[in-house]
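Reading through the structure tokens given below for one structure.
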Amino acid sequence: MSIIKTNSEILNQLLYGQDLDAETSNTLMKRWLNDEILEVQTGAFLSALRAKGATGTELSSMADVLLNACKLPVERPNLFMVDTCGTGGDGANTFNISTAVAFVASSCGVNIAKHGNKSASGKVGSADVLLNLGINLNSTLEKVISSIDQIGITFLFAPVWHKSLIKLAPLRKALGIRTVFNQLGPLVNPLRPNAQVLGVASDELLNPMASALSRMEMDRAIVVHGYGGLDEASLEGDNKIIFVDKGELKHSKINVSDFNYQNTSNKDLIVSNDDSYEDILKSVLNGSGQKAHLDVVALNTALVLWVAGIEDDIEKGFKKALFSMSKAEPWNKFLLLKNYLES
């Protein structure tokens with residue numbers, strides 16, 4: 001028979017650097033959702049978890065609680081879905097690469113269920129840029145779900161689906177540090193995608209995030225930490241990769257030079273004061289963007305095509321994505337989504 005631990009006992013365990021088992025992690029998250037943890041304790045828990053480092057067991061167990069609390073208003077479409085949501089937080093001020101990748105991958109035949117939020121930092125988040133380009137983030141939940149069946153892509157705005165976490169936002173902002181909830185964000189897509197490409201801003205997050213995805217029975221996934229600290233695959237050098245395939249984890253590296261493409265500096269991806277996140281995203285989707293922008297989106301799209309089982313060769317996936325952008329197919333996909341969610 002398991003022993004139910006008090007909040008103080010769990011906190012002490014974390015302060016001593018001891019990992020939580022699945023049951024205790026589950027209990028902790030349920031107490032957060034049920035308002036059974038004082039605000040001062042929440043600050044201590046989040047700080048202690050950050051200092052210790054969350055494990056795959058802790059992350060997957062907490063994510064399960066959040067997913068079970070998030071009920072779909074209609075049945076999940078019987079489709080193989082992929083998410084491109086990452087942890088963010090690289091501080092590089094690049095354009096919205098994973099958002100662009102979602103539309104390019106969808107134009108290449110992948111059913112994309114993109115989970116995302118507004119930015120908590122100075123950078124424009126996926127929800128910010130889509131909202132500014134006219135995507136209706138307040139469409140009915142039923143319409144958001146049916147969109148992936150009708151259009152091949154949808155966007156799930158996190159606060160709409162995980163209302164129970166909104167109450168923690170002021171404290172998280174006051175703490176001023178990245179917490180376990182930044183890691184949980186990519187793991188709690190309400191549509192429970194079959195596969196995912198998940199970018200992390202620190203190589204210390206590679207193993208726990210891959211372990212969490214494996215424990216959550218993700219069919220296929222890639223966790224990537226980009227060269228130079230990007231939370232996307234970079235064009236500049238070696239990118240650290242963990243392939244998750246039916247529970248098996250395989251460490252690898254990928255570099256565009258492997259298929260005879262020239263390395264390009266991460267600086268070419270930075271949004272300057274004269275640039276607009278929205279204009280850059282539009283130019284990428286319609287194929288008129290800068291070469292570095294198109295190439296980095298193509299590289300990351302190739303990873304999505306791999307997890308989706310559409311293209312097992314990264315170089316071929318890279319070229320497939322470039323071709324789709326050259327035909328403005330991702331922009332057409334964007335317009336379809338915009339019109340569908342408006343109607």
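Just so it is clear, glycine is given a Cβ too, placed from its N, Cα and C backbone atoms.
Per Swiss-Prot, these features apply:
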BINDING   Gly86, 89-90, Thr94, 96-99, 114-122, Ser126  5-phospho-alpha-D-ribose 1-diphosphate binding site
BINDING   Gly86, Asn117  anthranilate 1 binding site
BINDING   Ser98, Glu232  Mg(2+) 1 binding site
BINDING   Arg172  anthranilate 2 binding site
BINDING   Asp231, Glu232  Mg(2+) 2 binding site
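The distance from the Cα of Lys118 (5-phospho-alpha-D-ribose 1-diphosphate binding site) to the Cα of Glu232 (Mg(2+) 1 binding site) comes to 18 Å.
Separation of the C-alpha atoms of Gly86 (5-phospho-alpha-D-ribose 1-diphosphate binding site) and Glu232 (Mg(2+) 1 binding site): 8 Å, rounded to the nearest whole number. Around the Cβ of Thr94 (5-phospho-alpha-D-ribose 1-diphosphate binding site), a 10 Å sphere holds 23 further Cβ atoms from the protein chains shown. Thr94 (5-phospho-alpha-D-ribose 1-diphosphate binding site) sits 10 Å from Glu232 (Mg(2+) 1 binding site), taking the C-alpha atoms as the reference points. Note on proximity: of the binding-site residues Ser98, Asn117, Arg172, the one nearest Glu232 (Mg(2+) 1 binding site) is Ser98, by Cα distance. Distances between the Cα of Asp231 (Mg(2+) 2 binding site) and those of the binding-site residues Ser98, His115, Arg172 are shortest for Ser98.
Listed binding-site residues: Asp231, Glu232. The one with the lowest count of other Cβ atoms within 10 Å of its Cβ is Asp231.
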